[in-house]
Amino acid sequence: MAMAMASTLSVLLLLCLAAAASASPPLSPQFYAKSCPRALATIKSAVTAAVRSEPRMGASLLRLHFHDCFVQGCDASVLLSGMEQNAGPNVGSLRGFSVIDSIKTQLESICKQTVSCADILTVAARDSVVALGGPSWTVPLGRRDSTTASASLANSDLPGPGSSRSQLEAAFLKKNLNTVDMVALSGAHTIGKAQCSNFRNRIYGGDTNINTAFATSLKANCPQSGGNSNLANLDTTTPNAFDNAYYTNLLSQKGLLHSDQVLFNNDTTDNTVRNFASNAAAFSSAFTTAMIKMGNIAPLTGTQGQIRLSCSKVNS
């Protein structure tokens with residue numbers, strides 16, 4: 001009896017040890033403190049310089065992180081050449097790859113195969129917001145890079161510019177992000193630009209919830225046919241400042257994309273938009289909370305995945 005109990009306890013102990021060994025370690029802000037202490041400063045310096053040179057790059061790097069995390073988690077799959085990059089929501093519009101590649105080259109020179117491309121993307125998104133006057137937050141680190149990417153998942157999981165409020169909510173809820181997270185993360189559109197093809201229908205009669213003068217002003221650079229890649233600021237008020245003007249624009253029916261204006265259209269998200277429009281601190285707090293949650297979507301950790309030597313291709 002005693003021997004059987006001891007044997008059972010031994011088996012349970014081994015199972016517990018095996019479970020502990022296979023459990024993915026949590027992300028930690030101090031992950032590179034010893035292995036690459038200059039990592040965060042290197043990323044920040046490069047991002048700050050890139051955004052100073054071209055303010056739009058801040059929005060592009062933030063968007064890269066979002067488009068990465070919504071497709072199989074924050075694993076830098078979006079950086080692999082082809083595949084996700086050729087998906088509908090990404091092709092011809094994702095930017096910032098050269099900035100990430102430059103950062104990776106710098107980090108490889110000081111800490112060989114230590115800092116993942118997934119972590120570079122996550123930190124670069126935070127530093128882009130800060131560079132444009134937005135809030136800062138502590139980024140948990142320790143993500144590893146995927147060896148796969150999925151164009152089909154990018155097509156199915158990334159919400160598009162024509163999405164309804166309920167479609168947006170469903171897409172975010174699928175990633176364990178609630179409605180307030182969704183409205184806050186949409187505030188990333190306080191910076192950056194959109195292509196004419198993504199808002200043409202809205203300004204030529206497709207939507208009634210649009211300020212008439214605003215629509216007219218946009219038609220000058222977005223004809224009914226042609227000019228698909230012509231650009232307009234997502235926030236016409238302060239296009240290069242990360243602030244809460246995006247929400248005040250929505251109150252005036254000056255959201256550029258259909259998926260922007262649906263957040264304020266006599267619906268369940270109206271009060272959240274009003275709150276963020278009148279309270280910049282409330283927006284900043286909600287945005288940083290949502291960014292940390294988004295950065296925690298299904299990361300690869302421990303021995304999962306790899307640390308890519310080049311962000312655009314899997315290690316040979």
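Using N, Cα and C of the backbone, Cβ positions are placed for all residues, glycine too.
Predicted automatically and left uncurated, TrEMBL annotations should be read as such.
What you are looking at is a predicted structure, and each value in this text was computed from that prediction instead of being measured.
Within the set C69, C74, C111, TrEMBL assigns C111 as the partner of C36, by disulphide bond. The recorded disulfide partner of C311, taken from TrEMBL and restricted to C117, C196, C222, is C117. Note on proximity: of the binding-site residues V71, D75, S77, the one nearest H189 (heme b binding site) is V71, by Cα distance. S77 (Ca(2+) 1 binding site) sits 9 Å from H67 (active site, proton acceptor), counting Cα to Cα. Within 10 Å of the Cα of E84 (Ca(2+) 1 binding site), the following recorded positions from the list H67, D235, T238, D243 place their own Cα: H67. Summary of the Ca(2+) 1 site environment: with the site residues D68, V71, G73, D75, S77, E84 set aside, the chain residues having Cβ atoms within 8 Å of the Cβ mean position are H67, C69, F70, Q72, C74, A76, V78, S146, A149, S150, L153. Of all Cβ atoms in the shown protein chains, 30 besides its own fall within 10 Å of the Cβ of D68 (Ca(2+) 1 binding site). Under a cutoff of 8 A between CB atoms, and with a sequence separation of 6+ in the same chain, the neighbours of T190 (Ca(2+) 2 binding site) are L234, D235, T238, A241, F242, D243, N244, A245, Y246.
Taking all protein chains in view, 27 other C-beta atoms sit within 10 angstroms of the C-beta of S77 (Ca(2+) 1 binding site).
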